[in-house]
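S.K.: Pulled these from TrEMBL:
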ACT_SITE  111  active site, proton donor
DISULFID  67-129  disulfide bond
DISULFID  141-150  disulfide bond
DISULFID  249-281  disulfide bond
DOMAIN    67-89  domain 'Glycoside hydrolase family 19 catalytic'
SIGNAL    1-25  signal peptide
């Protein structure tokens, strides 16, 4: 359900700015926020591209009784969360903006889908059905990470639209967005705005040597020598590499990659924009 989150918007922007100053080696909060796409915005670029009616048509079955996340992923929560990241779907020309939005929606659709090959209305109408991982295989705690130590009894399994996972993602996401991701990871599955913000934080924030998904989709990615050697060409496939390359990339005809591409092509068609090159990551080395 959409909820009244504990963190007020002004405090959230301050928390995000403080995180970015640290991540940017001491640059000013304003400069860091502008660079990575955080900050207040009076009008959401997302709302300019996607109306509530269109949003609900993209996710026809998100509120079906069979979907555990029914009623959770509201349009209002998505638009409100996007205001925290004003460069999201707002960078470049109209085609670039639409393409980035299509790529983001495709990735979260795959991560939360409840569809199958013969599902009603087709499998690519079934995104946003789940808000957390079902029967996780582990608690996703990397005990070797001293910077973001796991809190006893907590599980860092996939939650939210991007299925945020692992303590080394919950920790910095929480610090950037104003909640304690290590002590209270469950907030990502309990507050829809926080859930969308974590997905957008993951999308907008580079974790070097990984670029951000945003940088890739708006043409700001510059391949290093290591990237070139690993065949990490810009395009939707590189976004998949950033999201889950260790499990899905450098292998041919992976069903998960194909599912992501299927969603992406559908959204690009609806937004009347070309999908661009390099849709898969079959020949890319993961990070």
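Note that the numbers count up from 1, one per residue, in the order the chain is shown.
In case you wondered, yes, glycine gets a Cβ from its N, Cα and C as well.
Distances, neighbours, how buried they are, the whole picture for these features please.
M.R.: For residue 111 (active site, proton donor), the same-chain residues lying six or more positions away in sequence with a CB closer than 8 A to its CB are 158, 161, 162, 163, 243.
Taking the Cβ of residue 129 (disulfide bond) as reference, residues of its chain lying under 8 Å away and at least six apart in sequence are, in sequence order, 61, 62, 64, 66, 67, 68, 69, 112, 113, 114, 115.
The Cβ of residue 249 (disulfide bond) has 237, 240, 241, 257, 281, 282, 284, 285, 286 as same-chain neighbours under 8 Å, each 6 or more residues away in sequence.
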S.K.: Long-range neighbours only, meaning 6 or more apart in sequence with Cβ under 8 Å: which ones does residue 150 (disulfide bond) have?
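M.R.: Counting only residues 6 or more apart in sequence, the Cβ neighbours of residue 150 (disulfide bond) under 8 Å are 139, 141, 142, 143, 156, 167, 182.
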